[in-house]
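*Asks:* The following feature annotations were taken from TrEMBL:
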- 14-61: repeat 'Filamin' (REPEAT)
- 63-161: repeat 'Filamin' (REPEAT)
- 162-258: repeat 'Filamin' (REPEAT)
- 259-351: repeat 'Filamin' (REPEAT)
- 356-452: repeat 'Filamin' (REPEAT)
- 453-555: repeat 'Filamin' (REPEAT)
- 556-654: repeat 'Filamin' (REPEAT)
- 655-716: repeat 'Filamin' (REPEAT)
- 1-17: signal peptide (SIGNAL)
Amino acid sequence: MLIISGCVCLSLPPCQAKVTANNDKNRTYSVFYIPKVTGMHKVTVLFAGLHINKSPYEVDVGMAQGDSTKATAQGPGLEPSGNIANKTTYFDVYTAGAGVGEVEVVIMDPAGKKDVVVCQIEDKGNSSYRCTYKPTLEGSHTIYVTFAGGQISKSPFTVNIGEACNPSLVRAKGRGLQPKGLRVKETADFRVFTKGAGTGELKVTIKGPKGLEEPCKRKDLGDGVFGFEYYPTTPGTYSITITWGGQHIPRSPLEVKIGLEAGPQKVRAWGPGLESGIVGKSADFVVEAVGENVGTLGFSVEGPSQAKIECDDKGDGSCDVRYWPMEAGEYAVHVLCNNEDIQHSPFMAEITAALNKDYYPDKVKAHGPGLQSSGLAVGKPTEFTVDAKLGGNAALKILAQDGEGTPVDVQVKDNGNGTYACSYTPKKPLKHTVMASWGGVNIPNSPFRMTIGAGCHPNKVKVSGPGVAKTGLKAFEPTSFTVDCAEAGQGDISIGIKCSPGVVGPAEADIDFDIIRNDNDTFTVKYTPPGAGSYTIMVLFADQTIPMTPIRIKVDPSHDASKVKAEGPGLNRSGVELTKPTHFTVNTKAAGKAKLDAVFSGPAKGEAVKDVEIINNHDNTHTVKYTPVQQGPLGVAVTYGGDSIPKSPFSIPVAPSLDLSKIQVDGLGDKITVGKDQEVTVKSKGAGGQGKVGAKVTGPSGKPVTCKVLSLIDLI
């Protein structure tokens, strides 16, 4: 019998042992058991119920050997990037479930040395260890982490240590960091330069006057340069904090005073000296008046050195300004009007040292018709030459603007012999200014000022609008078109509109129109086609026909004569009286627009009617008045837009004028018997009129008495 029990303080059941007979001649047995706990175990071996020699045996069971593959590590100190030299970092090792063993860390620096970077290991309990180290060199480090003598999972680790963070070497500059001059509703920008300042996190925070953080756009410009933009909307003092690796850079935090929104501007400034320049050379720019009552101008330059400033008034609302920077760096150029920065001021100019000694901007010359003070015209290309044969090695830059501040495109061609061919085309009859700089420095006699004449360009007159359309025009419907002379220069406009024969008469005829001059050098021409047919429109500028004329158009009918109705006493079939004015009404509703006409014809030569008048009632009806002067059948032909209306021509009988003195009455005696019919004869022969006889009988009481009127002709 074999009994195995553990000598531990806890009451544990004996370990199960497996006894196997070996079936050999010595009658031996093999025994296998697995200890459940650590500590002293007693092994009792009995044979036939009795202890064998030395039984029970005492066996000390120790801890199992650790499994390094079950240990893990993580933390910022093991990240491939993000750690920097001379800054302490750490990571943690977790050995729970890995057994017994010791955590060891060896760090190899970029030089291959394993004893320079020391790692401090702290037992944090719960089978976790905090490993802390401080690298001193930038570059790739290899970290070996072992447990119980073996590499843990994912060991060794490769960690790239960045350059040590040095905030003092970070620089920030730009208009958005200037202490004054900026305004609300203007984009403020600046750049931060981190190259050579080691590795670190760049953080920019902008707080407005109320202490609230303002939005800021960030853009990586490459090579350690970062661009920032913000858009202040509230005037007041803004605080800009810039940190590198958690530490302020020089001058941070910066205070920027934001002024009110820029109002209408009285002056503007432009030129190479507001963008760049060379140490010891003049940096030039132009200031121009916008309107009148400019006020008091002022200038100041802030930068690495003091800069002398000169201003030369040109007497034409502009002045030439120049300053002399004596050290390289960024300069803030303030242009003031009545002690306030103008819009876009301060201007930021980057001043650099001359690239080489072979540099002579004062020996560069410019000449040519494109720089003459007069004789230039709008739309006519002009040119000038820049001769830089003696100017050394530098770059030519041409800036040009018209009197409204609009940039002028100047084409520059390098002739390959030290000269440059420059050309431009003036687009407005305004003063033009050209500035030429060599390597960032103004050349002699620059800026150049030229007066541009308007010129005359009939080919640039444009005609457009429904009144010149090929289709869609209707007779008697008002229409219009526009003549655009904005780019045509100086000249008078002339318009002519004619209709073809048959539109308003047998011959070609001029059409009335109205012409309205607008404020933008355009004209609006209004006309109403008096009928359907072909029309020709002529447009002349400065007595010259413009290319797109004559313009031929077709006007379609806009009426339907079949929908016109005519009625009234003047068209009664019973007739009208000679020399008695009469009339009839023509209803053109739903018939469109057209000209109404009425033609009268009588039985004899000469005028059939007189006092003819056609009155437009402006309610889609017309009243036609006439007085017949010929007795007999009268023909009335009514046309609408030249087309006969229904039932036209009308035939109207004209009776002689009424003469009551020729009427005879028989049968009226002194007495009339009551209850007996009384017959009265009325003879109207020769009395004229329309032949209608009426009778009215009234009794003594005033009441009417019934009577009948019979035509004797009808009884024959």
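For all residues, glycine too, the Cβ spot is worked out from N, Cα and C.
Here the structure is a predicted model, which means the values were calculated and not measured.
Have a look at these and tell me how they're positioned relative to everything else.
*Replies:* Per-class residue totals from DSSP over the repeat 'Filamin' (14-61), listed helix then strand then coil: 0 helix, 26 strand, 22 coil.
Residues in the repeat 'Filamin' (162-258) partition by DSSP class (helix H, G, I; strand E, B; coil) as 6 helix, 47 strand, 44 coil.
Look at the repeat 'Filamin' (259-351): DSSP puts its residues at 3 helix, 50 strand, 40 coil.
Mean model confidence for the repeat 'Filamin' (655-716) is a pLDDT of 73.
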*Asks:* Under DSSP, the repeat 'Filamin' (356-452) has how many residues in helix, strand and coil?
*Replies:* 6 helix, 46 strand, 45 coil
